[in-house]
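According to TrEMBL, the features are:
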BINDING   Cys121, His265, His269, His275, Met283  Zn(2+) 2 binding site
BINDING   Asp200  Ca(2+) 2 binding site
BINDING   His210, Asp212, His225, His235  Zn(2+) 1 binding site
BINDING   Glu240  Ca(2+) 1 binding site
ACT_SITE  Glu266  active site
Amino acid sequence: MTTSNILLQCLLLMAVVSLTVTALPPIPDPLSKVPNIPNPWLTFKNFSGCHMGENRTGLASMKKYLNDFGYLPSPLSNSNFSDSFDSEFQDAILSYQRHLGLNTTGYLDDKTIETMVSPRCGVPDIINGTYTHGRHLYTYFQGNPKWPTSTRDLKYALIATSASTIDVATLSDVFARAFSRWAAVIPMNFTETTSTVDADITIGFYNGSHGDGEAFDGPLGTLAHAFSPTDGRFHLDASETWIASGDVTESSSDVAVDLESVAVHEIGHLLGLGHSTVEGAIMYPTLTVRTRKVELVQDDVSGVQNLYGSNPDFKGVAPAGVAGEMDSSGSGEIIRARMGLGVAVTFLVLTFLY
Ligand SMILES: [Zn+2]
Ligand SMILES: [Zn+2]
């Protein structure tokens, strides 16, 4: 083979490689799913790909986020979180990924960031992890609090609605529907009352700081939070674009949040459920904007029936969905995840909230 032939073949090969490369589809931007709508956590997009040993300006804000939701202990007194991706942060990321049902990569992959930026419930995820043989399930609050057996008729009152633009009659309808979804599966009745004194559960809309140490953060970010039994407080961020009637998926607003979807979730907390790792469950911590999610799935039903038993009229959830992940044997096989000392320190703070 002559030198010119070799050269020619090399050129041909390069042309083929070049054609192959140009024929490839464009690489999609995985974070394009995160719209550039202002929200308290949007800057997390800047940490895409960040991994162990790196320093990224502002990473401390993500540590604060993980601290808020129970994954990372507070920094020692008189110090702040650093911007370094250290081993403690990696452990927190892995724990977050496990709790949110994500791939446990241990670094800030795009799916993890996309999930972190999503609007969500303000109740921390790590309270008292409940797992069955490594399968992810519903959880309960620390100590498994629930309404006593003598209490099967709960009264709720709308006590702070002036910060909402939705009329009270519409709000009443939305919350009645949300409560009825839980009443259908457990032997518990929910009735609205106008008497705050009689109410077991109180519901209100608030802006920013509102007296319980858990300030709301404006549009998106944290949407709402509720307290475990038998506290009964259920607070919603008044600055959200709440949709109480009509189809949220058809809303003209990019930041529309379906009120009933959030109400069904928060009522789960009022009954004693923590967050689930099952993405389709009502008790999963995040909710996508302009999305309606109001149907209890098997994981939610198993969790709440394990606390209160079944409504005799309940005929089951269809389709079966995550039935394969159920622990039908009750709590006997449930392994309680033990919290490390660091997380336990966080809980000293959280105990105040619950
Ligand atoms: Zn929640
Ligand atoms: Zn509150």
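Note that Cβ sites are derived from N, Cα and C of the backbone, with glycine treated the same way.
Each residue contributes its Cα atom, and for Asp212 (Zn(2+) 1 binding site) and His269 (Zn(2+) 2 binding site) these two points are 16 Å apart.
When Cβ atoms from all protein chains are considered, those within 10 Å of Met283 (Zn(2+) 2 binding site) total 25, not counting its own.
Cα of Cys121 (Zn(2+) 2 binding site) to Cα of His210 (Zn(2+) 1 binding site): a span of 16 Å. Cα of His269 (Zn(2+) 2 binding site) to Cα of Asp200 (Ca(2+) 2 binding site): a distance of 14 Å. Checking the recorded positions (Asp200, His210, His225, His235, Glu266) against Met283 (Zn(2+) 2 binding site) with a 10 Å Cα-Cα cut-off leaves Glu266. Proximity of the binding-site residues (Cys121, Asp212, Met283) to ligand 2: a Cβ under 6 Å from the molecule is found for Asp212. Not one of the binding-site residues listed as Asp200, His210, Asp212, His235, Glu240 brings a Cβ under 6 Å of any atom of ligand 1. A Cβ within 8 Å of the Cβ centre of His210, Asp212, His225, His235, the residues given for Zn(2+) 1, is found for these other residues of the same chain: Gly122, Tyr206, Gly211, Glu214, Phe216, Arg233. Rounded to a whole number, the C-alpha distance linking His225 (Zn(2+) 1 binding site) with the residue listed as 'Ca(2+) 2 binding site' is 16 angstrom. One way to see the shell of the Zn(2+) 2 site is to take the Cβ centroid of Cys121, His265, His269, His275, Met283; the remaining same-chain residues with a Cβ within 8 Å of it are Val123, Ala226, Glu266, Gly268, Leu273, Gly274, Ser276, Ile282, Tyr284, Pro285. Annotation: His235 are the binding-site residues among Asp200, His210, His235, Glu240 whose CA atoms are within 10 angstroms of the CA of the residue listed as 'active site'. In terms of C-alpha distance, the listed binding-site residues His210, His235, Glu240, His275 place His235 closest to Asp200 (Ca(2+) 2 binding site).
Neighbour counts were taken as the number of other C-beta atoms within 10 angstroms of each residue's C-beta; across the recorded positions Asp200, Asp212, Glu240, Glu266, the minimum falls on Asp212.
His275 (Zn(2+) 2 binding site): 27 other CB atoms within 10 A of its CB, across all protein chains.
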